[in-house]
Ligand SMILES: Nc1ncnc2c1ncn2[C@@H]1O[C@H](COP(=O)(O)OP(=O)(O)O)[C@@H](O)[C@H]1O
Ligand SMILES: O=C(CO)[C@@H](O)[C@H](O)COP(=O)(O)O
């Protein structure tokens, strides 16, 4: 039995799975936490990877890294990190995003050029922010790479970092439709040329560790999750980690000038239209903290309420929001009365608010021609019984919950097995899934309407000159 390893360097932690390369069975696993911050010294990820994989890699023949998308890792001429990485959920480059949209002639121009419209999450806006705000650090920057590129390079004996098309498609300077960098856009953002990693094929072996473990190309965490789930036609993945994401594997590129649906590439040579919200699992931890309960009790409370949370609606923009693009917003609660001011309704409003933004995302992905037969619910908050109970009613589609697991790390391991095999397609790894309780979407139509009205009002308010 050949063993392969998959790594997930996500926002809150690093996870490592060691799998049988033929069946995908997990034989051992490890994890290590990351700090709660939106800029992180990449050596923290390296230490977390070493800690999470400590004692696990004996006998492993190939490894791949899946990583949180978009993070800006800047390297100097000696390959040293210039400054802490700015993560996907750092909103300081929102102004840079607006500048870049204007300079290129609007949203459509960006969607046509690279399949995405700049928001603060994307690497290209962080580079503009760096050039404007930290000229000394910018001057020292010779290369820019993504979290998974940097970790793969650190693991390797290679002289230069590499990347893959999935993660490259989230930079804002690589086009999935053409498979080429747009170095003119990178130059426009940063003010001069800066080195970028070579984009390797999905099944490539890109190097080896000092111990001789083959390294596959790796990819972004959402692309890895799609691979780990073996997502196919009709499957829409709803991932409830730090971010909330809704995505599907598509045969062709998508273009959305509104910027709602990002036209990413996947990790197999296909595409991955994706909607991402900045606020998912942590909405539940914040609500639990507010109520002074743990996550299990929060779920029990939410289940004690009813669809629509007795009229309470939460716009869950606790860390600002990306979709819709409201980086400076805060969470807002409406509909509070003396009758519904109860812990169970607040708990329910948190669960529903988190899912309602993703229901909008699912509709948007569907409008881009993605067939939706079922939603696959993954990520830390998919462990919540209340989330599972409410999901199908709010999303309006049958929901299946894959057996609890680390699907990003599993997808990375599957990529490693594919690269090791030299086969044309990734190995077939079965994924067991359970149907979540069916709830009637009609029970949530009033809640969806209220949420839509509240969201529209807040979007309008944000565009007024003296917004409150
Ligand atoms: N039973 C649960 N109910 C709700 N949320 C949970 C539960 N278990 C874990 N989580 C949340 O899941 C999140 C971590 O999920 P994960 O998908 O690993 O995130 P990320 O990939 O962004 O690091 C944490 O915010 C944690 O509180
Ligand atoms: O920015 C995106 C997708 O565009 C996020 O999905 C990041 O990739 C981080 O993912 P998690 O750590 O929340 O899984």
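Cβ atoms here come from the backbone N, Cα and C positions, even for glycine.
What TrEMBL records for 4-222 is domain 'Carbohydrate kinase FGGY N-terminal'.
For residue 8 (site 'Important for activity'), applying a Cβ distance below 8 Å and a minimum sequence separation of six or more within one chain yields 14, 15, 16, 66, 67, 221, 224, 406, 408, 409, 412. What TrEMBL lists as site 'Important for activity' is 8.
Among the features that TrEMBL reports, substrate binding site is placed at 69, 70. Residue 69 (substrate binding site) has a Cβ environment of 30 other Cβ atoms inside 10 Å.
In the three-state DSSP scheme, residue 221 (active site, proton acceptor) falls into the helix class. Annotated active site, proton acceptor per TrEMBL: 221, in sequence order.
Under the heading domain 'Carbohydrate kinase FGGY C-terminal', TrEMBL lists 237-420.
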Minimum Cβ neighbour count within 10 Å among the recorded positions 70, 221: which residue? 70
Would you identify the secondary structure of residue 70 (substrate binding site) according to DSSP, in three states? coil
Go through the recorded positions 8, 69, 70 and pull out the ones with a Cβ less than 6 angstroms from some atom of ligand 2. 69, 70
Can you give me the average pLDDT across the domain 'Carbohydrate kinase FGGY C-terminal' (237-420), rounded to a whole number? 97
